[in-house]
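Feature annotations, reproduced from TrEMBL:
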- Asp36: active site, nucleophile (ACT_SITE)
- Asp38: active site, proton donor (ACT_SITE)
- Asp36, Asp321: Mg(2+) binding site (BINDING)
- Asp38: GMP binding site (BINDING)
Amino acid sequence: LLLDLLPPGVCNLLNPAAIYANNEISLGDVEIYGFDYDYTLAQYSNLLHSMIFNTARDILIEQFKYPEGLGKYDYIPGFAIRGLHYDVQKSLLMKIDAFHYVQLGTAYRGLKPVPDEEVIELYGGTQHIPLYQMSDFYGKGPSLKQFMDIFSLPEMTLLSSVIDYFITHGIEFDQVHLYKDISDAIRDVHVKGVMYKWIEKDMEQYILHGDEIYAVLNRLVNHKKKLFLITNSPFSFVDKGMKHMVGKNWRDLFDMVIVQADKPNFFTDRRKPFRKLDDKGSLQWDKINQLEKGKIYKEGNLFDFLRLTGWRGSKVLYFGDHLYSDLADLMLRHGWRTGAIVPELETEIRIINTEQYMHSLTWQQALTGLLERMQMYQDAESKQVLLEWMKERQEIRSLTKNLFNPQFGSIFRTFHNPTYFSRRLVRFSDIYMASI
């Protein structure tokens, strides 16, 4: 029976360096390539996460007057994964699948898992979370927030650590205030530019794949493609990073560079006009009637950008790492092509290619096939066998989940369903890959 039960190709090796497509796209038709900067052109090492965690933790203690005992908590690499939802009112961090069901075994309050029965009780006797609570277009619901970017890994870990401290010490707290304080502390690390200083001080240690970025951009320019950059980061930071990766003449490769763009507002709000920066990064006051090659612009909005460049529709391909604030509007409102950068893809594919994963997957498929074929036998003895198979399948599922991340599993899969993150990835990107 076994060979009969397994779908063909269940164990084909995948290539971590491949480009995966959600939608049919002809790269021959793409004339203009656009890029985000952080985590798209510049990929950062995980060292950055513990720096963000520690700094935000210290802001909570020193400025927000949180208990000093929090200082004992350090960043836990690999605690959280991207795409998780946080229920602010219930202080629950959890993984939700594409059909709005909480994956049991992946709901955490603080650093400890919450029993399945309690999770079901908290949601009125079901694992399902209704759409109106889940999220608006950008992953923020009235009480649920989805963590979508790579910078949110330290934020989720800090949130869980602070809740852990309060619960362990029996301290009462207001969930909404706590959540807001932590996101403010994390925002301060970015807004006050502390993070930029660390990276500028030690590019070698923080920036990955520099030489490859140089090769990709040069190849595109040599094939007569136009390039542009739209980033929320400030010019001096981008300039130093690009000089490190691409060389001092990096700006010659780009037709347009827009910094401090304030995405996602850049894509939706018509109010902010473009301003030009001189070579030293100082703002100019003159009105912008054209976007010139080699010049640096600040703020602005997409509507002026389209009007001044005439770049429209599917001849433009834009790359970013944040599905909501980089890609959603461009695809849905403006018909641009989009490419998502998902660095986790590389690690996850390596795991999928292991002997252990292959074995678990084939055996899960086989058990599922057996259960489907044999479920009509309802006598006592057969029922017992079916129950044993279901139990075994459940055990293998847990083992497989733990190969990716012991707390939350894979960012793409919830057992046999896609995750909510996966569904958004398919909806908002034409293609996706681990790095440019």
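Positions of Cβ are set from backbone N, Cα and C atoms, glycine also.
Keep in mind that this is a model prediction, so the values were computed, not measured.
Long-range neighbours of the residue listed as 'active site, proton donor' (same chain, six or more residues apart, CB within less than 8 Å of its CB): Tyr44, Phe151, Thr231, Asn232, Ser233, Asp321. For Asp321 (Mg(2+) binding site), the count of additional Cβ atoms within 10 Å of its Cβ stands at 23 [all protein chains shown].
Taking the Cβ of the residue listed as 'active site, nucleophile' as centre and 10 Å as the limit, one finds 24 other Cβ atoms among all the protein chains shown.
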